[in-house]
Amino acid sequence: MFKNAFSNLQKIGRSLMLPVSVLPIAGILLGIGSANFKIIPHTISNIMTEAGSSVFSNMPLIFAIGIALGFTKNDGVSALAAVVSYGIMTKTLSITIPIFSNLSDINVNQKYLLDTGILGGIIAGSISAYIFNTFYRIQLPEYLGFFAGRRFVPIASGLISIIFGCILSIIWPPIGNVIKTFSEWAAYQNPTLAFGIYGTVERALVPFGLHHIWNVPFQMQIGEYNNSIGQIFHGDIARYMAGDSTAGKLSGGFIFKMYGLPFAALAMWHCANKKNKAKIGGIMMSGALTAILTGITEPIEFSFILVAPILYVIHAILAGLAFPICILLNMRSGTSFSHGLIDFIVLSGNSNNFWLFPIVGLFYGILYYGIFYFMIKKFNLKTPGREKSITYINQKTIKETALLVISILGGKTNIINLDACITRLRITVLDISKVNQKKLKNLGASGVIVSGSGIQIVFGTQSDHIKTEIDNYMSNTNQ
């Protein structure tokens, strides 16, 4: 039961990556446009602001589409059904909530009762995905043949969404109250504690690939900001981009991603055995550069998480502390994708105490270096380059790596489902005993996580390219 639940949570996390992938362009447009830089003409700034706002204002619908595609192997019919489902469900909700809640009208202070936000999108996407997987091959009488098969899916999704809209009108008001209370607590009443917990838990979930789920309420839901033309923004990311002076509380990520972990990589390099230092130096500095520029940290984290888990526990705690430190020092900056140098520079228009980031970051980097160096030496932790025997294979092309992955996983007949997020392949296999984890690591995987018949292989930013090559090979029956 636990393995099935874990597998489903991984699918949700994987599905969330598609809508999240649109955030960089939306965030950059909104961030630059709303900053009103003097070198950019006013008309261009307005276009950028409106373009970015259009994405953030439609995030629930985008999430509905992403969830539907994630659970139906990217079938376009499920995406259409998700749009239909979300539209019908929200309109049904707007009519039935005043009836079931004994309210003649929804006033300004109660408008949250009608706003299901990202969660509403996830529900609509789940409905359409379930309907698709259940009915996409349905047969109907000949006189209704036009509506059989895939054409039946949007119709059924719409009808089911009316029922869900009525059900939600009863259960959503108390849920909405809880979400509103949590949102106000996290965004305004005690953000220091809220984001400290967020940071630690978010890092703790990374090994399991579930951190994308945990990110959603903090990044997309908490807080509310109305700009000068009446547009409403939810979540720390969108509120910061739109100019909300109370947002930007995700800034702690810059401290441990751009400074802390790169210094940890430096410590592991310095602790490597002399004969391995050259090889480890290249690996660690590549991971450090990736973390600094893009904020993608898995290549560094998975280099020590399995061989020295105590270091990861320390890292998760330090990552969590970075957020309240930034909040207490009133350091604010925005992120659209991950906390890297690109985000840091491009989205600096609405920042506060910008100059403090490198100072605090350098302090944090030295702290990381000292703790990692001490722990590795004191307890003889087998971080990269300190193993008794170590195998490094020559770097291969993406296509060669993809073919080897298929072979190591037991062949294409053993692969049931394949997907990828930013840094890892997410695969479901028929027989997990056919998977050779050691060979995957020798192939260059930073980490391999197995749960039931599910396996995650961390290849860093090349994961999606490898997934594409595997898809191409598996779809070509002549190979």
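For all residues, glycine too, the Cβ spot is worked out from N, Cα and C.
Annotated in Swiss-Prot:
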DOMAIN    1-388  domain 'PTS EIIC type-1'
TRANSMEM  15-35  transmembrane segment
TRANSMEM  51-71  transmembrane segment
TRANSMEM  80-100  transmembrane segment
TRANSMEM  112-132  transmembrane segment
TRANSMEM  152-172  transmembrane segment
TRANSMEM  252-272  transmembrane segment
TRANSMEM  280-300  transmembrane segment
TRANSMEM  305-325  transmembrane segment
TRANSMEM  356-376  transmembrane segment
DOMAIN    399-479  domain 'PTS EIIB type-1'
MOD_RES   CYS421  phosphocysteine
For the domain 'PTS EIIB type-1' (399-479), the DSSP helix/strand/coil residue counts are 38 helix, 22 strand, 21 coil
Would the transmembrane segment (51-71) count as touching the transmembrane segment (280-300), if touching means at least three Cβ pairs under 8 Å and pairs must be 6 or more apart in sequence?
no
Quick one: find which recorded stretch in 15-35, 80-100, 280-300, 356-376 has the most Cβ pairs under 8 Å with the transmembrane segment (252-272).
356-376
Sequence-remote partners of the transmembrane segment (305-325) [C-beta within less than 8 Å, at least six residues beyond its ends]
192-193, 195-204, 207, 249-253, 255-256, 260-261, 264, 360, 364, 367-368, 371-372, 375-376, 379, 381-384, 387, 447
Sequence gap of 6 or more, C-beta under 8 Å: which same-chain residues meet both conditions with respect to the residue listed as 'phosphocysteine'?
GLY13, ARG14, MET17, GLY209, HIS212, SER463, ASP464
